[in-house]
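Visitor: Okay, these came from TrEMBL:
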- 85-120: domain 'LNR' (DOMAIN)
- 153-188: domain 'LNR' (DOMAIN)
- 230-264: domain 'LNR' (DOMAIN)
- 286-335: domain 'LNR' (DOMAIN)
- 1-43: region 'Disordered' (REGION)
- 64-83: transmembrane segment (TRANSMEM)
Amino acid sequence: MLHTTAHTTPDHNTTHSANITTSYPPPTASTHTSHTTTSERVRYDQLQHARRVIMMMKTSSNRWLGLLGAAVIMWSSASSVVATTSDQFDACDAAQDIGNGRCNMGNNIEECGFDGGDCCECTCEDGEYTCGQYYGYACIDPDATCVDDDAVTVDMMENCYDPSRIGNGACDSLLNNEDCAYDGGDCCECTCDPSRYPWYDSGVGCQTGMYGGFACIDPDAPCVDDDIVTAEMMDLCSTGQIGNGYCDDSNNSPECAYDGGDCCECTCESHDDGYEYYCEPGSFACIDPEAECVDDDDNTAEQYEHCGWVTRIGDGMCDDENNKEECGFDGGDCCDCTCVVPSSAWSDYACQEVYNINSFDCLDTSASCYGEEHLSYELSFSWDDNE
């Protein structure tokens, strides 16, 4: 039982006192799990401190003395809360985030009450964040009734970089391994659960496309043989981008299956998920010798050894790193007379001086306009001090 007496002396020599008697834990406090007791105790103490402040102000006929007394109590009360809870929270990653509605991996341990219940769907309560809205769960609390419903285990907490992302409907390459249960099925189309991806109802979950893709290497998945991605690619490629309809230079190699066909117009496959820029003409760099249209593309495998962003060669914008003979002088982009606006130009400024800040920087000696001067696009300012 905690007894607290606060006294103030107003101007008229009249003594007012407030005797506030509280008990801990409160009769209604739930003590069915350790994390609930810890979280409620801190909140209960804070409520009692607030009540003491209010009572101090009410029982003082002198407003300023009341405020002064309240300030003293608030300071001492805050110190008391820190003193009584700091030992328990020393092992926590961020004690202030316990019970805020978002699963914090650093707090998801017994000493921190398994983050105040935030990491289990059945124990999480909305707070600063809405449970599960932007972050997933990683339920390992043995007292939680839904602990067996989560694919996350205690061992995963040590071996996986962010267990709360396991089984969230989006394939994470860093979790796509046996130790992390192959990302809870997220990386195989036949095992991915789209209901576990709530972000903005974007439809990205369990889809290939602009922001998502599969990389099925789980040997137990029925559709493992339907995916071009292999376990060997995991360390060499951006596996989530293979076969998503966009040519990724980093994947355009035999080791990465030439980006799953994305870099050749005749092998690229579009995806109907509301985005328009799939398999867009002018965005390819076809070097796959097995592709029927490989000879229709001016790009070569050697360019990947000497050039910068190969897919930007011939895009209507002069790129310095591609403006050399080995890269075809950026496909003509750097000379006014050889630059050709591609059908998929990003804007109306392709092959125009205002868009090519380097004044086209024509270095191709075979170009008819080689040696001609082109003024850089500059802004000039002038002012009159007398105005």
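Heads up, the Cβ atoms here are built off N, Cα and C, so glycines get one too.
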Visitor: Give residue numbers and ranges for long-range contacts of the domain 'LNR' (153-188): same chain, 6 or more residues beyond its ends, CB-CB under 8 A.
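Guide: Distant Cβ neighbours of the domain 'LNR' (153-188) are 103, 105, 108, 119, 135-138, 140, 194-197, 204-206, 212-218, 221, 223-224, 227, 234, 238-240.
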Visitor: From the DSSP assignment alone, can you count helix, strand and coil residues within the domain 'LNR' (286-335)?
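Guide: Tallying H, G and I as helix, E and B as strand, the rest coil: 20 helix, 0 strand, 30 coil.
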Visitor: Would you list the DSSP helix, strand and coil counts for the residues of the domain 'LNR' (153-188)?
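Guide: Helix (H, G, I), strand (E, B), coil: 19 helix, 0 strand, 17 coil.
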Visitor: Where DSSP helix means H, G or I and strand means E or B, what are the helix, strand and coil counts for the domain 'LNR' (230-264)?
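Guide: Secondary-structure breakdown of the domain 'LNR' (230-264): 18 helix, 0 strand, 17 coil.
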Visitor: For the domain 'LNR' (85-120), jot down how many residues DSSP puts in helix, in strand and in coil.
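Guide: Helix, strand and coil residues of the domain 'LNR' (85-120) number 18 helix, 0 strand, 18 coil.
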